[in-house]
C-alpha cells in the first residue's frame with residue numbers, strides 16, 4: 001500500500017478535539033470529513049456505548065478495524081479516529097502506511113474537564129457503569145493515555161489543542177499539513 005498524504009487521520013485521546021476540529025480542517029483543506037465512530041454507529045444502528053455493552057470491546061475493535069479498512073483508498077479526506085483505534089497493532093500499521101497521521105495532544109486535566117459531563121464514553125465509566133468522580137476520571141485518563149501515547153507519538157504531525165481557540169488550531173494544522181505535503185512531494189522528486 002502506498003502512503004497517500006491527502007488521506008489524513010486525526011488521532012488523540014477522547015476529548016482532544018478530533019470531532020470538532022476534523023470538519024473544520026477538512027473544510028479548510030477542501031477535503032471530505034469522516035468520523036470513524038459515527039460511521040460505525042450508522043453501520044451498526046447502535047451507539048458506541050451500546051456496541052460495547054452488548055458485544056464487548058474486542059468485538060467493537062474488530063468492527064472498527066474493518067470499517068477503517070474501507071476508508072484506506074480515499075483521497076482528500078480527513079478521518080477522525082476513535083481514541084483507542086491505534087492500540088490495535090494492525091490498525092496502527094494500516095493508518096501509518098496509508099496516510100498522514102495527526103496527533104491532537106491535550107493534557108490529562110484538560111481532557112478530564114472536557115469529558116467529565118459526557119455519558120457516551122464507555123472507557124470512562126466504573127466497572128458497573130457508574131459515573132466516576134473527577135479525580136477517578138483523571139486517573140483513568142492518565143492510565144489509558146500512558147498506554148496509548150507511544151502510538152500517538154508516532155504521528156507525522158503533532159499539535160497541542162490545549163488553551164487554543166479552535167480556529168487557531170485549525171489554521172496551525174492546515175499550515176503544518178500543507179508544509180508536510182510539500183516536503184513529501186519534494187522528497188519523492190529526488
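Glycine is no exception: its Cβ is also placed from the backbone N, Cα and C atoms.
Pulled from Swiss-Prot, these are the features on record:
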BINDING   15, 16, 17, 18, 19, 20, 121  ATP binding site
BINDING   19  Mg(2+) binding site
BINDING   37, 61, 83, 148  substrate binding site
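For the binding-site residues 15, 16, 18, 20, a Cα-Cα cutoff of 10 angstroms around residue 37 (substrate binding site) retains nothing. When secondary structure is read from DSSP and collapsed to three states, residue 15 (ATP binding site) falls in the coil class. Here the candidates are the binding-site residues 61, 83, 148. The one whose C-alpha lies nearest to that of residue 19 (ATP binding site) is 83. Around residue 37 (substrate binding site), taking its Cβ as the centre, 22 other Cβ atoms fall within 10 Å, counting all chains.
Cα distances from residue 17 (ATP binding site) to the binding-site residues 61, 83, 148 are smallest for 83. Among the binding-site residues listed (61, 83, 148), 83 has its Cα nearest to the Cα of residue 18 (ATP binding site). Taken residue by residue with DSSP, residue 83 (substrate binding site) is part of neither helix nor strand, so it is coil.
Taking Cα separation as the measure, residue 16 (ATP binding site) is nearest to 83 of the binding-site residues 61, 83, 148. Closest in space to residue 15 (ATP binding site), of the binding-site residues given as 61, 83, 148, is 83, taking the CA atom of each residue. Among the residues the record lists as binding substrate, namely 37, 61, 83, 148, the two farthest apart have Cα atoms separated by 18 Å.
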